Amino acid sequence: MNPPSGPRTQEPSCVATPASPSRWDGYRSSTSSLDQPLPISPTAARAQAAAWIPFPTVDVPDHAHYTLGTVILLVGLTGILGNLMVIYTFCRSRGLRTPANMFIINLAVSDFFMSFTQAPVFFASSLHKRWLFGEAGCEFYAFCGALFGITSMITLMAIALDRYLVITHPLATIGVVSKRRAALVLLGVWLYALAWSLPPFFGWSAYVPEGLLTSCSWDYMSFTPSVRAYTMLLFCFVFFLPLLVIVYCYIFIFRAIRETGQALQTFRACEGGGRSPRQRQRLQREWKMAKIELLVILLFVLSWAPYSIVALMAFAGYAHVLTPYMNSVPAVIAKASAIHNPIIYAITHPKYRMAIAQHLPCLGVLLGVSGQHTGPYASYRSTHRSTLSSQASDLSWISGRRRQASLGSESEVGWMDTEAAAVWGAAQQVSGRFPCSQGLEDREAKAPVRPQGREAETPGQAMTMAMAPWDTPANCELPLHPGWAFH
């Protein structure tokens, strides 16, 4: 007669013990089944579960875990190194430390932390084919993914609004956009993202494992009123609303660029009756720079679109048709949004490429950028050349603005003239070198000008000091929009 056997222990690859029934019940259907052990005490049961696997597993081939783990590792390394390079280059280069570029730096910071907090954990869990870091680790992992993902989306909306205001309302932004105001906007961005990332900690939805159960996210699979309400509000206020704002801004941005392109086509130079090669190059450059940010935004939205579709399918009641692969693959694609920013700037941003060649010469060689003409002196000249070109272009724009202001109230006219004089005073210093602008300047000189106070003199003097004789273009130029200088 065989002696009675003791309590059976479970192999690690077969155990699936949810940590909290209220949170993990929705995932039990996709986990492996357990053999029924002999009765043991509750204390021993808890110790046995903690000693093995405290989270459920899913029955899929090993190569599925390894493939996703390899992809997320490559994405994470690219995101960490690439965004660190963006942060370092923008902070070290004096010509790139502008209020507008603070938004780009913030985007790189959020993308860096997205890669730093998500990729290593996802990779380690994929190698072990199960979640390794317990319930608290799952909640923190999902919280970081939500916080940094929302921050990136709202930062892209702020970038679009900044471009919209500078390009379509250039005079209204003179002296308004500063580093302090940009910092306040970014503080609001982080607080907004934090406000939408904290509710799952307080019972409104939850942070739970997803897909192959090697990563975590908010609970979009449950069909409870609380979870569905959080999912819908989250998509409305952190995805669809920012996306609508971005679309609105870029519609008007490209309208302004198109109108200027049409003006270039009808413009004739002083001698010869055609456009100079430099005019065509400037127009092409402004088009390219306006498209850089749009490309970043489009890739970000496309990266998150599959994940959004999956979550909305679950919201609509079709969670039962979603497989673990359909949950995990879109999550990996969404996390890959963190690598687009540094890649696009390394390929298309001219000042960023020059700064890389200056501060990171080895990478400059790989990018095909020579550091020979990227020293501080060259950067100084390039910055002031852009400033001078921008001020000279204000000649035509201020004329139209003054005529519009004359139709408004007295207070509006005074404010517009004060702002315009700041740029007008600087532009007059070089007007003699722009023959095409001379006629416009003469006409403006004949018009009555409202007396200006000290407020208008100080910005004009500051802009005049920023100019240098070698920065003045010698050929005739068509003024372009003053807000189109990419910072």
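Glycine residues also receive a Cβ, built from the backbone N, Cα and C atoms like all the rest.
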Topological domain name match (Swiss-Prot): C91 vs K351, membrane: yes
C138: disulphide-linked cysteine among C91, C216, C236 [source: Swiss-Prot]: C216
Long-range environment of the topological domain 'Extracellular' (313-327) - Cβ separation under 8 angstroms, sequence gap at least 6: 30, 58, 60, 64, 210-213, 220-221, 223, 228, 231-232
C216 (disulfide bond) CB neighbourhood, other CB atoms within 10 A: 30
For the topological domain 'Extracellular' (313-327), the mean pLDDT of the predicted model: 91
Cα-to-Cα gap, C216 (disulfide bond) vs K335 (N6-(retinylidene)lysine), nearest whole Å: 12
The topological domain 'Extracellular' (313-327): DSSP-derived helix, strand, coil residue counts: 10 helix, 0 strand, 5 coil
